[in-house]
Structures are given as C-alpha cells and as structure tokens.
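Asker: After the structure tokens below, expect a handful of questions from me.
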C-alpha cells in the first residue's frame, strides 16, 4: 500500500508543525458512504466552531459580571475537545467507512456516545462548567441582558450539535446493524489484529469499493447490445 503524505490539518507554512493525518473523501471513502462521512466531518467542524463561539459567550459572561472560571474552562474545552473529538470519534468512523472495519465502528459508537452526552450537558449549561447553556444564559438575564443575549448564541449552537449528534449516531447505527455488523465481528478483528493490518485494510477497502460499484451498476438501466429499430415485416 503506497504511503500518502499527510494533509490534515492544513496548517499555514509559518507554523513549524506538519499535518498529522491523510484525509481525502474522494479516494478513501466509497460512494455509498461518502455523503455520510462528509456530514460527520461537517458536524465535527460545527462542534469546533461552537466551542469557539462559546469562548466568546463566556467572555461576555465575564464582562457582564460573571466569574473568570467559566472563561478559563471555555478556553480549555476549546483547545482540548477540538483535536480530541477529531481523533477519538471522527477518525474511527472515517476508517470504518474506508475499510468496513467493525472494530472502528465500535470505537466510533463508544466515543461518539460520550460526545453526545457532553453535547447535552453543554446545551443544559450548568453554571461554573465553562459553557453557555440554557440554565446559565437564562439565569443571567437578571444580571446583564446584553451578555445573556450573547450567551444565547452558543447555547443554541450547543443544542443544534446535540440534536444533530443524536441523528448521526442513530443513522450510523442503523446502517451498521443493517449491514450485518455486530460486537462479535469487532472482537474478532481485535483478536486477529485485522483492524491494524494495512494489507487487510487495503483488501477490505478494495472490497468496499467493489461492492459500491456493483450496487451502482445494478441500479443502471440495462440496454441490449443488438439495436432494435422496430421495422415491420409487412410492406
């Protein structure tokens, strides 16, 4: 299997760091999974942007009379959850769609369920936890209306992330179960080491692409090789 240069994240040249991952939906992900994989990537981006907006909301919270703890925690959540969510749940589902790996599907279900729980907690907004959720935002209207309005923006975004995360988890789980996936298959991959064998992964990727192409071919209309012009035998 040829080594491809890492291209993600696309860092500016002045940063003395190199990309850590290779990511290309068009070449790695079969057509039947590409849309879902991209939507999960967009969900990760939305979650990261929401954490950034939450930092601004906590700054407004601080300016309006709130404590500095929330702002500090919001900054911590931004620099911690953005890379961790990419590594812990997006990369597993990316590799699962790429190689049809039950082990990576299970890793995604485990970590993404945790992501869903965290998103719900963030949307609720317990004061002192560094998130502008519903409780924190609504309760701050009595202190500073302007700051509370700003805090509502990340609150709505956290709610959207939680809802979209639930929908995504349900959709991927339905697909996985419908395709015959199970915990026993994931355990078998773990026992045999197939989940980290590059040759096995390449074979699985080729099989996934072949299955996708076969499904597309079956959906195409069939035409006869011999033209039929419909001439009548009667003169």
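Backbone N, Cα and C define each Cβ position, glycine as well.
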Asker: Decide, relying only on Swiss-Prot, whether residue 26 and residue 136 lie on the same side of the membrane.
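Answerer: Opposite sides, per Swiss-Prot.
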Asker: According to Swiss-Prot, which stretch among 5-25, 68-88 corresponds to the feature transmembrane segment?
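Answerer: Of 5-25, 68-88, Swiss-Prot gives transmembrane segment for 68-88.
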Asker: Do you know which of 149-169, 170-190 Swiss-Prot annotates as transmembrane segment?
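Answerer: Of 149-169, 170-190, Swiss-Prot gives transmembrane segment for 149-169.
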Asker: Averaged over the topological domain 'Cytoplasmic' (170-235), what pLDDT does the predicted model reach?
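Answerer: The average pLDDT of the model in the topological domain 'Cytoplasmic' (170-235) works out to 56.
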